[in-house]
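Per TrEMBL, these features apply:
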- CYS337: active site, thioimidate intermediate (ACT_SITE)
- ARG436: active site, proton acceptor (ACT_SITE)
- ASP279, SER280, SER281, GLY330, MET331, GLY332: NAD(+) binding site (BINDING)
- GLY332, GLY334, CYS337: K(+) binding site (BINDING)
- 118-177: domain 'CBS' (DOMAIN)
- 184-242: domain 'CBS' (DOMAIN)
Amino acid sequence: NMDPSLVDGQSIEELFESKQGITYKYLLSLYIHSTIDFNILPGYIDFSVTSVSLDTSLTRNITLKAPLVSSPMDTVTEAEMAIAMALHGGIGIVHANFPSKEDQAKEVNKVKRYKQGFITHPQCITADSTVADLMEIKAKKGFTGTPVTQTGKYGSKLLGLITSRDVDFLPQSRWASTKIGEVMVPRDRLIIGEESLTLKDAYDILENEKKGKLPIINGNDELVSLIARTDLKKAREFPYASYDSMGQLRVGAAVSTREAAKESIKLLAEAGVDVIVIDSSNGSSKYQVDLVRWIKENYPKGPDVICGNVVTKQQAKLLIDSGADGLRIGMGSGSICITQEVMAVGRAQGTAVYEVASYARTRNVPVLADGGIRDVGYITKALSLGANAVMMGGLLAGTNEAPGEYFWGANGVRLKKYRGMGSIDAMEAHTSSQDRYFTASDEQVKVAQGVTATMLDRGSIHKFVPYLVRGIQHGLQDIGVHSIKELQEGAQKGSVRFEKRSPNAQLEGGVHSLHSVTSTHHLTTALTMGNP
């Protein structure tokens, strides 16, 4: 109902009508002084920041509470990162650069077991096993609360339950001679759940009965799953965690477009992976089309498939027509990616997200903005252009949960290694990196499309991601919208307004004209990513 004479800025269509490549914000340097980016104009606030919803779609069938995805890079996402991302409402995509396909599937399995919910494949033990065997399980798996079954496997008759409290005061000298059946809590003394029990009902029983474990049995008294009390505590600490229908954390995994990927997909599906990301620098290839069709034919009930990478509507149509449940947008926009520079192929990320998202929306297919995310504002901009979520590599690479060890650099700064999957370093280490860039393993000359770098220590994901989440909520509040859906609908209708910024306007919008600066979280992030 605004007076037309007071309408300010530009609509999203007007922002991109020049057909000039636009991104979130360019690094101003000594050599580049004419780059244009954009900002979003403020709206009316009559609601609290905590009421802003960040619910979004990752794929046709998977929703998230936070629009945040960690990239499938070997210096970014393994089980620890994926667990942390899922606990905070996002999801992690486990990389494919492991020594074996089985190793990748094991990482996925670690995530699925962490927030165990209904643990559908619980570790079991027989009554004739010894306490020494139990301690071996503890050393390998990290827990002692173990169901005792007739065969030592789930799916057989439940005989009892053994926990650490049952053996705490047993001398180590007696471990090898003491049978589990002598110290376990027998079946008739256990609180048991029926197979039809819901996750909430199971948690209620644990809460009311003050028990640590709740075995779930079928009509034949056979163990089919297990619930752990520790999950109650995790649920309280992480109320927005990404769970599947069985109460397990969601996780994705990357595969290449090669024939060998089919065996990886089989193992990942068995491990319970929620989404497969077909990892390729250019998604519009015969190899990817054939693979996504194969997955849909052989796994019609899931996992979902995210295809990419793409930067044009034509690429998007090809992959959606082939069965993609989601798309990954970006080519050469990551901080360690040099595809645009070396190959002269790619697209400015802002334009790529806007164009692909506008088409994918007509097909009801969610999209991921992958690359170029340097801080909170970049996430808000990507969402405003139509992205359902953002994929982050460099922004997360320096955290505790990223693979690799910290080391001390010059001036006493704490660093972690971060490398592009198209770097010579990564391609020489793993064939999956070569596959991503269509490079044969026996090629004598390899052309790098990425670099190897270092990232400053960012601390824990458990502090950094909540900062990102609250920052996005503040951004949407300033725009005057209550949710990502409302943001995107407003952009499409023209009620959310945009404005291009000149290089000087960009300088004005950052830290400037100061004698000295006390570093803040935001500024530390900016400096880490290379802002002048």
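Keep in mind that glycine also has a Cβ here, set from the backbone N, Cα and C atoms.
Predicted automatically and left uncurated, TrEMBL annotations should be read as such.
Keep in mind it's a predicted model, so treat the numbers as computed, not measured.
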Task: Span of ASP279, SER280, SER281, GLY330, MET331, GLY332 around NAD(+) - largest C-alpha separation, Å - done: 14
Open item on the list: Cα-Cα, whole number of Å: GLY330 (NAD(+) binding site) versus the residue listed as 'active site, thioimidate intermediate'?
Closed with: 10
Task: Length of the line joining the Cα atoms of SER281 (NAD(+) binding site) and CYS337 (active site, thioimidate intermediate), in Å - done: 10
TODO: Would you mind checking how many other C-beta atoms are within 10 angstroms of the C-beta on MET331 (NAD(+) binding site)?
DONE: 26
- [ ] Between the Cα atoms of the residue listed as 'active site, thioimidate intermediate' and MET331 (NAD(+) binding site), find the distance and write it as a whole number of Å.
- [x] 8
Open item on the list: Suppose we draw a 10 Å sphere around the Cβ of ASP279 (NAD(+) binding site). How many other Cβ atoms does it contain, all chains included?
Closed with: 30
